[in-house]
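Have a look at the structure below, then the notes.
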Amino acid sequence: MFRMNSVISFKMSPYKMNNYFKCSHVCLYSCHAVQESLLSSASGFSNYRGILNWCVVMLVLSNARLFLENIIKYGILVDPIQVVSLFLKDPYSWPAACLIIVSNVFILAALYTERRLAVGTISETTGLILHIFNLSCILVIPAATALTVTSMTSVGGVISLGIYTVLFLKLYSYKDANRWCREIRQAKANGYMYYFVFAPTLCYQLNFPRSSRIRKRFLMRRLLEMLFLMQLLVGLIQQWMVPTIQNSMKPFQEMDFSRMVERLLKLAVPNHLIWLIFFYWFFHSSLNFMAELLQFGDREFYRDWWNSETVTYFWANWNIPVHKWCLRHFYKPMLRKGTNKFLAQSAVFLVSAFFHEYLVSIPLRMFRLWAFMGMMAQVPLALFVSRFLNGNYGNAAVWISLIIGQPVAVLMYVHDYYVLHYGSSA
């Protein structure tokens, strides 16, 4: 203390020393100031990393308990041979693969039509008719094949129809973008076509942004992620989802409401975990792998949808390629024609609902419209959340709709499929 006071007296003037000792004397008794509790929103405190880590630890421990309970109850259900049967009924019949190969016909038809339009050998009206016919065939032919060819499995149907849906959106964009270029006298349909078909985008343009080189380490990381997460998804579905769904059939048949809710909540956990893993596998690992391989520069495949405070923000940010297509080729053209924003947004949801039902009902060979109604229910839900819920409450509502809404649709389809195919034998 003597040494510290000596230093102070050496460096401070008598006036400053007097003030220093006064402040020191006051500080001995004053230990309070005007401030908010850290958990209050008015405090401005935002570092909740420790709480987030706690949530992650609790989530891992709770799911580990559920997984251990599942192993004890059912044993090991993961069967790689059974996975093959999901794609093939007959080892000598590959209808889904044949459909994918045939898709080249529609790609070349679109390219041929645009080349004829570019040189002026066919009129714009004729080109439009050819494009409409080609696009209609893209939706009708695989659907008819999935409904009539008995050797096509449901999983094979989903994959082939998914590829044809992506092709439909790409060729629609290809048609529109080339027409816009012709309107400003800048049109050239070139061999660039197959690059666009494989590129991780749905919106065509004459020149895409390109990266300078292929990063081999980045490419290998994405490839390993794809392989590992695919195995993890299949294992979780076989080990966790399937038994839970099978045990849910009896409460739904007996219309036991309390048991139905219990089954729904039990299914919500593995369903949501599988959905999150699928999101990372597809939108981060797979699309980045394709982009890196093709040196495709635009890697914005998703935005921060997990922070969504409204339903519309979620749908606009979790799948950026589809959002850009809807904005460019559907939403903005409707606005330019005088349609108000609400009707244009509802029309976008209507188109999305159609494709969701298209990708579910046709491979299952039954039409129940659960996916369609689930998507259209997003319109009133979006209005409710945006009007009555803000901030964290809105974000919680979005998460609840994702966690609960998806297993409801899954159970509805599985129940109807079970009743349709096995109800009489049961």
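Cβ coordinates are placed from backbone N, Cα and C, and glycine is handled just like the others.
Caution: TrEMBL annotation is automatic and unverified by curators.
Taken from TrEMBL, the feature active site covers HIS356. Feature annotation from TrEMBL assigns transmembrane segment to 51-72, 92-113, 125-147, 153-172, 223-243, 264-283, 342-360, 367-390, 396-414.
Same-chain residues lying 6+ beyond the ends of the transmembrane segment (342-360) with a Cβ under 8 Å from its Cβ atoms: 139, 143, 158, 161-162, 165, 312, 315, 322, 326, 330-331, 334-335, 367, 369-376, 378-379, 382, 413.
Through the fold, the transmembrane segment (223-243) approaches residues 66-67, 70-71, 73-74, 76-79, 82-83, 267, 270-271, 273-274, 277-278, 280-281, 284-286, 289 of its own chain, all at least 6 residues removed from its boundaries and within a Cβ separation under 8 Å. Sequence-distant contacts of the transmembrane segment (153-172), counting only residues of its own chain at least 6 positions beyond either end whose CB sits under 8 Å from a CB of the stretch, comprise 85-89, 95-96, 99-100, 103, 106-107, 110, 131, 134-135, 138-139, 142-143, 145-146, 196-197, 202, 204, 322, 325, 329, 355, 358-360, 362-365.
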